[in-house]
Amino acid sequence: MAQKENAYPWPYGRQTAQPGLNTLPQRVLRKEPVTPSALVLMSRSNAQPTAAPGQKVVENSSGTPNIPKRSFTIDDFEIGRPLGKGKFGNVYLAREKKSHFIVALKVLFKSQIEKEGVEHQLRREIEIQAHLQHPNILRLYNYFYDRRRIYLILEYAPRGELYKELQKSRTFDEQRTATIMEELADALTYCHAKKVIHRDIKPENLLLGLRGELKIADFGWSVHAPSLRRKTMCGTLDYLPPEMIEGRTHNEKVDLWCIGVLCYELLVGNPPFESASHNETYRRIVKVDLKFPPSVPLGAQDFIYKLLKHNPSERLPLAQVSAHPWVRTHSRRVLPPSAPQSVP
């Protein structure tokens, strides 16, 4: 069977992207830079734009010239060292042979995905991530597949997982934590404007770019929900909000809870409700049994308290996350350079 691109690897009906805001949040002054090599990766498709993820991302109306289209195969890439291993496959450093563009190539085994029954989760991850363009969201440039494997062409984040850096340093200081909070709030504002809830924000799902800038990855648990209301249990135990544990309908405010949990973990070194048993963790989350060690500054405590509210409607809105005095005082966010206007 020949390798294909831009048709889903399983017999699901195709869906078009739901309409959303095309502008980025106000604090992001420009889109993530698009290099000529990235344009090549994004534009190779066999169908019309706006159909399925992986198809033409950059429109001709933006001033970029037409690029000849053809499908990718594994032979288009030089495969380098492994970047990570998972239950369903591996991620490799790779280089596209013609453009020499460096990417992360995620190689997934169909047999494992089918065995675990997560075809829909993967399809959702591809469909959502392919339509997101923000400096703090890991890009999915394209994908293709063959009889045994599915290949996702992802942006390469040179500094790897935030989780690994946290393990090395044990905790982060105020400046680094506040910077991550601003980056995360900006990226989630963009996602929520497009009716996308991530639902699984945690250090393992956050990568770091060359300058240490945050990159949200792993949209496997995320959902494109036009109503922004769901009732599915998902996410990571220590990061689950009360409404999900209690089986209540939830909305985009679950991501606000996750920001609060993440901020605590970065400053303290462990999640706020971590306990010896799952039941005890559940109990502490539902009661919002929040305790701070003396090392956490009062400004950070106030920030976390305002996010970790049992009632979702009382949580600090995303717009106020970046505007919180503690974040404004300590954040040192660096925006990416301007994107090129056209391909030479």
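Every residue gets a Cβ built from N, Cα and C, even glycine.
Swiss-Prot lists LEU83, GLY84, LYS85, GLY86, LYS87, PHE88, GLY89, ASN90, VAL91 as ATP-binding residues, and of the candidates LYS97, LYS98, LYS106 the one it assigns to that same site is LYS106. On the backbone, the CA of GLY89 (ATP binding site) and the CA of ASP200 (active site, proton acceptor) stand 20 Å apart.
Each residue in PRO82, VAL107, LEU108 lies on the same chain as LEU83, GLY84, LYS85, GLY86, LYS87, PHE88, GLY89, ASN90, VAL91, LYS106 and has a C-beta within 8 Å of the C-beta centroid of that ATP site, without being one of the site residues. Reported as a whole number, the C-alpha separation between LYS215 (N6-acetyllysine) and ASP200 (active site, proton acceptor) equals 14 Å. Within 10 Å of the Cβ of GLY89 (ATP binding site) there are 19 other Cβ atoms, across all protein chains. Over all protein chains present, the Cβ of ASP200 (active site, proton acceptor) has 21 other Cβ atoms lying within 10 Å. Counting every protein chain shown, the Cβ of LYS215 (N6-acetyllysine) has 24 other Cβ atoms within 10 Å.
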